[in-house]
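Asks: Please read through the structure below; I'll follow up with questions.
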């Protein structure tokens, strides 16, 4: 092998190492995003389990046996709880609108989420 050929091979290897380094950086970013998402989902799952255990809504078979006035009251209560839950999710920094549901909100408020909350509060 002459010197030029060795130099070309070293340059090729340097280029390949650079490309591998860029690829490794991209993988590292993806791992960080996945770890953050996993942590957020674990926390949300734990909180939802706690809420679920705290108060389970009555089964549909149980509400069918109730008189109409109590049946409407139970339905209103479950709707109110759902709206409160969505409001709490929004306060914790998550989107509750149908456009970005479940994603983390940025610095500001989401107009879609606020419109949904306003609509839900008027229906109460």
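Yeah, the Cβs are placed from backbone N, Cα and C, and that goes for glycine too.
The shown structure was predicted, so the numbers you read here are calculated from the model rather than taken from an experiment.
Okay, so TrEMBL annotates it like this:
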BINDING   95, 97, 110, 113  Zn(2+) binding site
REGION    53-80  region 'Disordered'
Asks: Apart from 95, 97, 110, 113, which residues in this chain have a Cβ no more than 8 Å from the mean position of the Cβ atoms of those residues at the Zn(2+) site?
Replies: 90, 96, 99, 100, 101, 105, 111, 112, 114, 116
Asks: Can you tell which of the binding-site residues (97, 113) has the fewest other C-beta atoms within 10 angstroms of its C-beta?
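Replies: Among the binding-site residues 97, 113, the sparsest Cβ neighbourhood within 10 Å belongs to 97.
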Asks: Which number gives the other C-beta atoms within 10 angstroms of the C-beta of residue 110 (Zn(2+) binding site), all protein chains shown included?
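Replies: So the number of other Cβ atoms within 10 Å of residue 110 (Zn(2+) binding site) is 19.
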